[in-house]
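For reference, the structure is listed below as structure tokens.
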Ligand SMILES: O=C(O)CCC(=O)c1ccccc1C(=O)O
Ligand SMILES: [Mg+2]
């Protein structure tokens, strides 16, 4: 495989509803789509999941484009590679910038799967045909609205519900949900909104039988999380803190978490995501696949990754129609009874919808 041409498109997609977290609100989604062509003419697609502003991680859409144009594409273009695992090795001298790296690496995995006549899931070593999915619910203007939304997701069959929390929007919100939905598999994601000084509040959450509490403390911390975990019954799930296999190893050794949320973009690609999965499986740490409000290409990659055996907890990959009026792939990602069927066709198993993609494209540039 030798990559000869890459087209980057900047897309803007209207969201059905704004998504609010402890760090900010996303009203419409902007993303980069990478159309990557190899010497044999095989085309793979990648999606850059960085947001416009550096609130969730330090990367933005603009820094991703800069990294791709000035460092990552020049490193990869016209180089002979035998396996997508080589891409992260080629990129290793370039520090961090995981989302930029993941977007191009994902497209190479797609090409590799096609050229070896496998589905992307198979190429990654996945063996599930159906994956269980949950849904992530942003901060709502009122608890009544939140309960109403959760009711609709439960009716749709989603296997677990995650709600965002922040100081002042936590105990009472979770209590209200638990009162209404006694047995619902429920979890809370704080996106780093607390410190160890808030341990009283976090311990009160132990009363509500949450599956886990996601990233309560700082985005770059594993030390305070270890201290906190010792004083909590509820497992901590790390999201922001885990950007590599090394991070995962250290967090597990320290006892900073009981669960890990794996996001392909946050860890720099599918190879690293698979490696974290394999390591956690050995260590008995369950993982699930997180989301970045992806459009269809990113969503397809999440589905393939989630087919690996140790993705034992429902992830955040809701159906396309949860976020989009019209997704950029055909068929769209469909959730039935809380399950997504993992495509068996070669490659990602969904076809990019060029008409929709072109309609949503703001700018486009071709690199050779
Ligand atoms: O539905 C999704 O794609 C995941 C939604 C979500 O929780 C999220 C969305 C944007 C940024 C960070 C996060 C997160 O998992 O922390
Ligand atoms: Mg999170």
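Glycine is treated like the rest: Cβ placed from N, Cα and C.
Per TrEMBL, domain 'Mandelate racemase/muconate lactonizing enzyme C-terminal' is recorded for 143-235. The average pLDDT for the domain 'Mandelate racemase/muconate lactonizing enzyme C-terminal' (143-235) in the predicted structure is 97.
Cβ neighbours of residue 164 (active site, proton donor) (same chain, under 8 Å, six or more residues apart in sequence): 20, 21, 22, 136, 137, 138, 139, 188, 189, 190, 191. Marked as active site, proton donor by TrEMBL: 164.
Other Cβ atoms within 10 Å of the Cβ of residue 189 (Mg(2+) binding site), summed over all protein chains shown, number 26. Residues or ranges marked as Mg(2+) binding site by TrEMBL: 189, 214, 239.
Annotation note: residue 263 (active site, proton acceptor) sits in a coil segment as assigned by DSSP. Summarising the annotation, TrEMBL assigns active site, proton acceptor to 263.
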Quick check on the domain 'Mandelate racemase/muconate lactonizing enzyme C-terminal' (143-235): DSSP residue counts for helix, strand, coil, in that order please.
45 helix, 12 strand, 36 coil
In whole Å, how far is residue 263 (active site, proton acceptor) from residue 214 (Mg(2+) binding site) when you measure between their Cα atoms?
13
Taking the center of the Cβ atoms of 189, 214, 239 at the recorded Mg(2+) site, which other residues in this chain have a Cβ no more than 8 Å from that point?
162, 187, 190, 191, 213, 215, 237, 238, 240, 261, 290
Under 6 Å from ligand 1 by Cβ, which recorded positions from 164, 214, 263?
none
Can you tell which of the binding-site residues (214, 239) has the fewest other C-beta atoms within 10 angstroms of its C-beta?
239
For residue 263 (active site, proton acceptor), what residues in its own chain, 6 or more apart in sequence, show a Cβ-Cβ distance under 8 Å?
49, 239, 273, 289, 290, 291, 292
